[in-house]
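Peer 1: Before I ask anything, let me first share the structure, which is written out below as structure tokens.
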Amino acid sequence: MSTVITNIGELAGAAEDRWLMKDAALVIDGGRIAWAGPSRQAPAADEAYDAGGRAVLPGFVDSHAHLVFAGERAEEFAARMSGRPYAAGGIRTTVERTRAASDAELAANVRRLVGEMARQGTTTVECKSGYGLTVEQEERAVRIAASLVDEVTFLGAHVVPADMEPEEYVRLVTGPMLEACAPHARFVDVFCERGAFDADQTREILTAGRAAGLVPRLHANQLGHGPGVAIAVEFDAASADHCTFLSDEDVAALAGSRTVATLLPAVEFSTRQPYPDARALIDAGAEVALATDCNPGSCYSSSMAFCVALAVREMRMTPEEAVRAATEGGAKALRRTDVGHLRPGARADVLVLDAPSHIHLAYRPGVPQVARVWRNGRAV
Ligand code: NIG
Ligand code: FE
């Protein structure tokens, strides 16, 4: 079954040498992009969809989310808005609720959020564990995630559980927990931050994760300056996430590496922190991604469009830079070449905006602008 999308006013991400094409058409065949080019050269297909002059983009790649959880923390958010700072300790509240939930409840929560994301144009989702913090609980988190999302990250090292000593917990994470979780995950992550895991512990966990076949990524430099970004680069991590507090050395290290700087501006919005310096990263030549970090604590938004709008308004990214960071940037942060673009051969993850240009994502913040989404060639 093939579909030709005709009358595309603006087609993004369909050619290596030209990110935007005007008056274009796109052909989907068997879950893949089969052809992209000028409207008048469009080949015939089994069915046609008239985009009516709208903009067509690759589906968003949300490369950072924590969806396996129960309960929520709206009161913590309200307290923050009245001046209380965000602290890693809030994670333990969600750990308690998550441990008490059934597998079916946790799966339903992931499904609900993945559905919410899909309706907003997100077609690739990464999800982390990290609200279980025992071997059994972390294993079930990565197992549930693996059945419902594209990419899974083992984040046993999210915070030290209240009833354990740090050294004892690191031994558990690098031993039996890793062994139980590695078969369900592709990445290993550590919350490298004061109040969570320090540099030595982070290196120990990434080293063990890598030995188990997982690709490192890191929660780095979210709450203050620290060693996270440098360690991410040292480990050739796929991504260093947050990057809210960066030194000049951190920026230079990222620029000289293939580690993607994944910026999560909806977290800064929801925690009232300064926004990361996207301009410094981009101008130095670092690869930048945008993601939501959807979780019940630091940011309960699943909207990539909101992240794009924040990146443009608050981080001085151009609309093109922001949309590319939310699509191909996310794909790079997940070391994926089949998503985040619409060149022939890509997975047919297609977002038709109810707008003539990608600029409208930032120009009309908060307005639903998804006209239609295909994921893997199927209408969502
Ligand atoms: O990416 N910083 C660590 N983890 C999450 C927040 C988790 C929570 O507060 O529940 C984050 O911001
Ligand atoms: Fe996170």
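The chain as shown is numbered from 1 upward.
Just so it is clear, glycine is given a Cβ too, placed from its N, Cα and C backbone atoms.
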Peer 1: Since TrEMBL lists Asn295, Gly297 for N-formimidoyl-L-glutamate, which candidate among Tyr49, Tyr131 does it give for that site as well?
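Peer 2: Within the candidate list, TrEMBL flags Tyr131.
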Peer 1: Quick check: of His64, His158, which does TrEMBL put in the same 4-imidazolone-5-propanoate site as Arg73, Tyr131, Gln222, Ser298?
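Peer 2: Answer, per TrEMBL (4-imidazolone-5-propanoate site with Arg73, Tyr131, Gln222, Ser298), from His64, His158: His158.
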Peer 1: Looking at TrEMBL, which one out of Asp150, Asp277, Asp283, Asp293 binds Zn(2+) in the same site as His64, His66, His219?
Peer 2: Asp293
Peer 1: For ligand 1, which among the binding-site residues His64, Tyr131, Asn295, Ser298 have a CB under 6 Å from it?
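Peer 2: Going through His64, Tyr131, Asn295, Ser298 in sequence order, those close to ligand 1 turn out to be Asn295, Ser298.
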Peer 1: Do you know offhand how many angstrom separate Arg73 (4-imidazolone-5-propanoate binding site) and His66 (Zn(2+) binding site) by C-alpha?
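Peer 2: Each residue's Cα considered, Arg73 (4-imidazolone-5-propanoate binding site) and His66 (Zn(2+) binding site) end up 14 Å apart.
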Peer 1: Which three-state DSSP class does His64 (Zn(2+) binding site) fall into?
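Peer 2: It is coil.
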Peer 1: Does any of Gln222, Asp293, Gly297, Ser298 have a Cβ within less than 6 Å of an atom of ligand 2? These are the binding-site residues; tell me which, or none.
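Peer 2: Only Asp293 qualify.
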